[in-house]
Every structure is written in structure tokens, then in C-alpha cells.
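Quick one: structure below, then a few questions.
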Amino acid sequence: MQLLLDLHPDQYPLEGFRQRQLLEWVFVQGVGTFEAMTNLPAQARADLASRFRLNPFREIETVRSADGSVKYLFTLQDGRQMEAVYMPYLDRKTICVSTMVGCPAKCAFCATGAMGFGRNLTPGEIVGQVLAVAGGEGLAPRELRNLVFMGMGEPLLNYENTMQAARILLHPQALGMSKRRVTLSTVGLPKGIRRLAAEDDLGIKLAISLHAPDEATRQRIIPTGHRNSIAEIMAAAREYQAVTGRRVTFEYSMLRGINDHLWQAEELADLLRGLVSHVNLIPMNPWDGSGFESSTEEQIQAFYDVLAARGVDVSVRRSRGKDAGAACGQLALKRPAAAVGASA
């Protein structure tokens, strides 16, 4: 049976105002069954229920953090598992969604990378995370105004499904998100970055997980990094900016004694010269078996100071949800074996 959420809103069944009613039930009201769509004719509801399913998930569990963040563990219909994170702030509500079960990038400091790759998520399994989190938090779906593709997986390796999900998220009759509030994070795939730049109708923001300015360190941190050199990644980032006019964000996880040397801050500043960019320095979040430690606060500040003195727009991003295993780099800590197990 087809998952209704996989469809673009323009492809939804029914016609005219009945289609608009259906879209409102799904994306505005956030109902989970066709039977609850009481202003649709009974026959239409029965027909929909015979052709489509609304729920991508078999089970949903939550782990709540003291800071208000919530990790959602989703069991998909095939038994695989993946996670999303809800992060409430005073001025906004943000959701971090996954695009894959596991991840093939294998970043050494990231728990998701240690899982390996399970499979790509469908558009509906991506969008469904937003609807499920909204429901779990007692929110209307459109109250989640900020979204980052920064959960499990490499979005640019699940390109078509991620782009379809983004178009659903932005569609005015679906979730109606602002493109300025949606960010896609990639480990740095030049072909995918250039392809994203050509998506004229999207306009979502780009973040690149760089983590080192030199090849030797980056390949130690990201074992698959040898496939694309830093020079190739930076060239693609510059092309992206030339085409879109948008700022590029660079994510930099601070690993003690690995990528936090001041000479590396100097090299990073050199790499970014002439590019309108922002650098997020992220203290590494611990997980069992990682083999890495976060840089000290003093070293992070010193690294920051070098970048700032060189004119780099830089900030230190304090991760939320550490105590719930929901912070950056911690996703997949709960039952990773089940998450990447064989399909039922």
C-alpha cells in the first residue's frame, strides 16, 4: 500500500476543494487516520484507506532532555530504526530530521557513522518525522518553522527523495515552511552541491561538514573523505555561492588534539578567503566507543579567536540534548543493531 506522504501535494488524490481538504487534514490538522477526516464523504475516506497508508512508522519512542530537547526513535514499517530531534528555543521550534537509516560517510567522531548504512528514507518517511514530532509535542505541524537535514544520513546521497521531501515541506498547501528556515547539511559532495545549486525552485540553505582544513586530518576524521578533496569541495562551495548568492555554513567539530591546532585555524581562514561564509565550531559530543574527546573550552576559544582575527564569521554552537543522546554526532546510540538490521 502506498504511503500518502510520499506524494507531492499536487499529486494528492481527490480533486478541487476535496483535495484541499485532504491536504489540510494531513498538514494543518496533522490527523493520523482517514476516518478522522470528518468533512470528507464516507466513501472518499474508505477509498483513501484502501489505497494509501498515512503512518510511515510502526512505533515511536521518545527520550527527553533536561534542556527541553527530545530525541524521537522511529521504528519504520520494515523494522529498521532512525531518529529525529526536536529542539525548542524561546523564539523558534526546530526539528532535525534524518534522510537515511544509518550513514555511509563513516565520520569517525559520529555515532551514526559507526552504525553503517541501512537504507535511504522515502520522502514520506522524512516528512513524516515532522508530523510525528509535532503530534508528540502537542503542536500543529506548521508550528515547526525551522528544519535541518542534519540527522542520520548524507542527504546528497539520497538526493531525489530529499529534494521531494524539501518540496513538500515548502509547499504552501503542505507545511509551508520558509526556504530561509530550511538547511541541508552535507559531508561535502561536490557533484551534489552543484546539483543543489541548480534547484532554482528550492533556495534552501547549505551547510558543509568540513571538520579540517588539511587532507591528512580530514581523511582521519572522515575515512571516505579521500573520494573528494578539500579543494574540490571548496570549488563546489564557491560555485554554489556564485549561482545562488547564498552564504555557505561550514560545520567544524572540535576534536581534542586532532583538528584544534591554531595552525589549522589559520589554514581554515585561508580556505574561506573571499567566500561569504559562517563557521560553526561544535564541541564534540561524547558517545561510548568514539575514541575522541572534545577540545577544551580554552582551546575552542583560542581557535575561535584566530578565525575572528582573520575576519571569519564564526560562532560556537552549543549542542542540545546531550543527556538524551540527541546532540550532534550522538544519533543512533539506542539499539543501533536493530536500526540497520535486515528488512522484514
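Placement of Cβ uses the backbone N, Cα and C atoms for every residue, glycine included.
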If Swiss-Prot gives Gly153, Glu154, Ser209, Leu210, His211, Asn285 as binding S-adenosyl-L-methionine, which of Ser65, Ser69, Ser185, Ser315 does it give for that site as well?
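Looking through Ser65, Ser69, Ser185, Ser315, the residue Swiss-Prot assigns to the S-adenosyl-L-methionine site is Ser185.
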Could you work out which of the recorded positions (Cys96, Cys103, Cys107, Cys110, Leu210) has its C-beta surrounded by the smallest number of other C-beta atoms within 10 A?
Cys107
Find the shortest Cα-Cα separation between Cys107 ([4Fe-4S] cluster binding site) and the recorded positions Cys96, Ser185, Ser209, and name the residue that gives it.
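For Cys107 ([4Fe-4S] cluster binding site), the closest Cα among Cys96, Ser185, Ser209 is found at Ser209.
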Can you check how the pLDDT averages out over the domain 'Radical SAM core' (89-323)?
93
Rounded to a whole angstrom, what is the C-alpha distance between Glu83 (active site, proton acceptor) and Cys96 (disulfide bond)?
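About 9 Å separate the Cα atoms of these two residues.
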Using C-alpha positions only, work out which of the recorded positions Cys96, Cys103, Cys110 is nearest to Ser185 (S-adenosyl-L-methionine binding site).
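Going through Cys96, Cys103, Cys110 one by one, the Cα closest to that of Ser185 (S-adenosyl-L-methionine binding site) is Cys96.
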